[in-house]
Amino acid sequence: MTSLGIVTPQSMFFSTPLPLQSGAEITDYTLVYETYGTLNADHSNAVLVCHALNASHHVAGSYSEDASTRGWWDNMVGPGKPLDTDKFFVIGVNNLGSCFGSTGPMHANPATGKPYGPQFPVVTVEDWVQSQARLADALGIRQFAAVMGGSLGGMQALAWSILFPERLRHCVVIASTPKLTAQNIAFDDVARQAILTDPDYHGGDYYAHGVVPKNGLRVARMLGHITYLSDDDMAVKFGRDLRSGSYQFGFGIDFEIESYLRYQGDKFSEYFDANTYLLITKALDYFDPAKDFGGDLTKTLSHTRAQFLLVSFSTDWRFAPERSHEMVQALVNNKRMVTYAEIDASHGHDAFLLDDARYMSVVRAYYERVYKEIDGGSLKAGAQV
């Protein structure tokens, strides 16, 4: 397996207003994206990869020789990798409201010429999917071979199967959920409160004050990071190890886990936008496609037409395997073709980003099947399942 090498982001401007679930709309917006591989003649080999909370369009490859610039899913996407760019044309899109290039709170509001800040409209998973569909239209892709994502990205993939059932043949949902539990919403709210109560937040207009609510971002990230790890993984990595070998009898850093979380918080506060964090966690909280169907997930998924791959991880307590079981059962109730794997992995929610041989083998085998449909000539442009 080799790397994609140096990749370059692209952008596309849209002047047609995008209506949002809230009733608001976004006008004059830009989506930043990257593509890997080659689109075949009938456009049947395109795969959309949707990103999670703090990720972006930069799925794979690098921006320089510096390894730190590698994409967030470089182990998954590339030549000879599970999602093989020698076979598929892969697209990564940065979602609206993000801080990595697509229009978001940091960008100028056309109506005022000043940063949107807290005036940027609340967006939902469904809004992101609508914007991604517009990008697909502009790229000449009527139907994806697959739409794929992990965590929040998996929610977007699921939403694609509901909103545009005819526009994807396969839906790959990894370490995800059909809705957040009360516990998950509680974690998100505490994280938001850390930001909202930071004196440097200034009601979201901190750009004008030349400051960043770093303390709030630090705490939000520290809290979030705890939910991405498993108790088993934390015990192995950190246990009760002391940073200096003995108690300091103060309120500084005693334990290695404290040092690790503060490092993660400090790093996050240097590159992520606070208003974006608020927006994305709200999108997480609001995602509940079964809400309009009386909470019945089977009814919600009754109009889907894709085939599905779902993967969960045994120690993921952020989006536990039970959440994937719910989706699998609803799909089976609808007699949909579904492949499911629960990986016994110790790394918690973050396992979906890591190199577990069993996990990678499952995804690789599934995409080999997807490719056989294309390469075997059974599909024509616009073919539907």
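The first residue you see is number 1, and the count goes up from there.
Using N, Cα and C of the backbone, Cβ positions are placed for all residues, glycine too.
Here Swiss-Prot flags S151 as active site, nucleophile, drawing on sequence analysis. Secondary structure at S151 (active site, nucleophile), as computed by DSSP, is coil. When other Cβ atoms within 10 Å of the Cβ of S151 (active site, nucleophile) are tallied across all protein chains shown, the result is 26.
Secondary structure from DSSP puts D316 (active site) in coil. Summarising the annotation, Swiss-Prot assigns active site to D316 (among others).
Swiss-Prot lists H349 (among others) with the feature active site. The secondary structure of H349 (active site), as reduced to three states from DSSP, is helical. The Cβ of H349 (active site) has 24 other Cβ atoms within 10 Å, all protein chains considered.
For R221, D350, the entry in Swiss-Prot reads substrate binding site. Summarising the environment of R221 (substrate binding site), the number of other Cβ atoms within 10 Å of its Cβ, over all protein chains shown, is 23. In the three-state DSSP classification, R221 (substrate binding site) falls within a helix.
The domain 'AB hydrolase-1' annotation in Swiss-Prot covers 45-355 and rests on sequence analysis. Mean pLDDT, taken over the domain 'AB hydrolase-1' (45-355), works out to 97 on the 0 to 100 scale.
Taking a C-beta cut-off of under 8 angstroms and a sequence separation of 6 or more, R318 (site 'Important for acyl-CoA specificity') has the following same-chain neighbours: S151, A175, N184, T227, Y228, G348, H349. Taken from Swiss-Prot, the feature site 'Important for acyl-CoA specificity' covers R318, and the record attributes it to sequence analysis.
Considering only the recorded positions D316, D350, the Cβ with the fewest other Cβ atoms within 10 Å is that of D350. A Cα-Cα distance of 8 Å separates D316 (active site) from D350 (substrate binding site).
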